[in-house]
Amino acid sequence: MIVAIPLSFATSWMLDVLGLRITLILGAWLNMFGALVRFLGTGIFINPAAQFPLVMFGQTLAAIAQPLVIFTPAKMAALWFPDNQRATANTIASMANPLGMLLASLLSPWMTQTAGDIPDLLLAYAVPACIICFLATVGLRSSSPPTPPSASAESSGSEPFVQGIKLLLKNRAYLVLMLCFGSGIAAFTCFSTLLEQILCVQGYSNEFAGLCGALFIVFGIVGAGALGLIVDKTKKFIEATKINLSLCAVACIAFSVVSLMPQQKVAVAVVCSLFGFFGFSIYPVVMELAVECTYPVGEATSSGLIFVSGQVQSFLYIVLLQALSKRLADSPLSTCGDAVLSWKVPMLVLGGLTCVFSCVFVLFFNTRYRRLEAEEQATYRINTIKSSTPESTPSEGKETAD
């Protein structure tokens, strides 16, 4: 999270100025080098004192690559797909990242039984990174298609980067979206980061916590797919976001309550599934909504600042929640080990913050769909020109030939 915050601005600039191809290829190479350095850091020929710094250097390279990849869905959807497919394309690209995280979280415990298995695990991470780097290098031939799929694709990123930042900071609707959805990203980050620590207090195992995390991602992917199709057909970006963000707040409050109860596995699993279904699913829709309310600012810039807001708030939320937790003197059900913390107050605070920011968004967010309006105007002008151009009749053609 820390590395991504300063690099987010550079990534937004690269995507809007240098294009998709260069940005993605650079991200693929950095990710491959990061994975290989991490694996080499576990080698027996490496000085033991240098192993941990080397592994962390590889982790840092991978962290640098992260924004280069996850910032691209909104830009890719705008450049390569027409308006009736953009939300779905953004959803597929955005959900590929959590799907990879899900696969890694499921396979890692199965592959790693002892500390000696860690090098094999890092090698398993490095192999697909190398394959993807090869595919990106030889397969990505252009940043945009020969024929733009929409009128807005022709002027994508038309505002200079610095001027685009200034326009975003003057856009009230965008600032509300950035603040409120950034809070939502922070809530999701806290959920995934602290889930095991929260559930173990009431006697839930790490395996069950992993299952709940998997349900959160799986149902989020399902919800994102359904919501993307609906929004592509209806163009109801605002309504979909407000409804899902409100239901996400309800699910977060429910989790804050049921996570404090022992022997409620079904309830905890259901709430985690609903939290992912309503909350995780709106990410790609919000990225499209950010572009709609800020057009003609570049897609990477408008979606990138929301990501930065989420990263900053995630850091603040985690620090706040950990500061509010208290050590328990006695917890007979705990499976946490020596350090047992009470998460009652932090969870209620998290639920309250999610509720407050959802209400702020529902009450104060409203915007025009600037990109769709620009495309409608462009289509109208083209149709007007076509209708005003006289078509030659067969007799006129014959006279011209004569």
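Each residue's number is its place along the chain shown, starting with 1.
Every residue gets a Cβ built from N, Cα and C, even glycine.
Predicted automatically and left uncurated, TrEMBL annotations should be read as such.
Here TrEMBL flags 1-370 as domain 'Major facilitator superfamily (MFS) profile'.
With a threshold of 8 Å between CB atoms, the same-chain residues lying at least 6 positions outside the transmembrane segment (22-46) that come near it are 11, 14-15, 52, 54-55, 57-66, 68-69, 71-72, 118-119, 122-123, 125-126, 129-130, 132-133, 135-137, 140, 143. The transmembrane segment annotation in TrEMBL covers 22-46 (among others).
Counting same-chain residues at least six beyond the ends of the transmembrane segment (52-71), those with a Cβ under 8 angstroms from any Cβ of the stretch are 3-4, 7-8, 11-12, 14-15, 23-24, 26-28, 30-31, 33-42, 46, 94, 97, 300, 303-304, 307. What TrEMBL lists as transmembrane segment is 52-71 (among others).
The transmembrane segment feature in TrEMBL is assigned to 92-110 (among others).
Annotation source TrEMBL lists transmembrane segment at 122-140 (among others). Beyond the ends of the transmembrane segment (122-140), by six or more residues, the same chain brings 20-21, 24-25, 27-29, 31-32, 34-36, 38-39, 42, 104, 107, 111 to within a C-beta distance below 8 angstroms of the stretch.
Marked as transmembrane segment by TrEMBL: 173-195 (among others).
What TrEMBL lists as transmembrane segment is 207-231 (among others).
For 243-261 (among others), the entry in TrEMBL reads transmembrane segment. Tertiary neighbourhood of the transmembrane segment (243-261): same-chain residues 180-181, 184, 187, 191, 198-199, 202, 223, 227, 267-268, 271-272, 274-275, 278-279, 281-282, 285, 343-344, 347-348, 350-351, 354-355, 358, 361-362, selected by CB-CB distance under 8 Å and a gap of 6+ residues from either end.
What TrEMBL lists as transmembrane segment is 267-291 (among others).
Taken from TrEMBL, the feature transmembrane segment covers 303-325 (among others).
If you look up TrEMBL, you'll see 345-365 (among others) marked as transmembrane segment.
With a threshold of 8 Å between CB atoms, the same-chain residues lying at least 6 positions outside the transmembrane segment (92-110) that come near it are 69-70, 72-73, 76-77, 121, 124-125, 210, 213-214, 217-218, 220-221, 224-225, 228, 280, 283-284, 287.
If you look at the transmembrane segment (345-365), the same-chain residues 6 or more away from its ends with a CB under 8 A from one of its CBs are 173, 176-177, 179-181, 183-184, 187, 190, 198, 238, 241-242, 245-246, 248-249, 252-253, 255-257, 259-260, 317, 320-322, 324-326.
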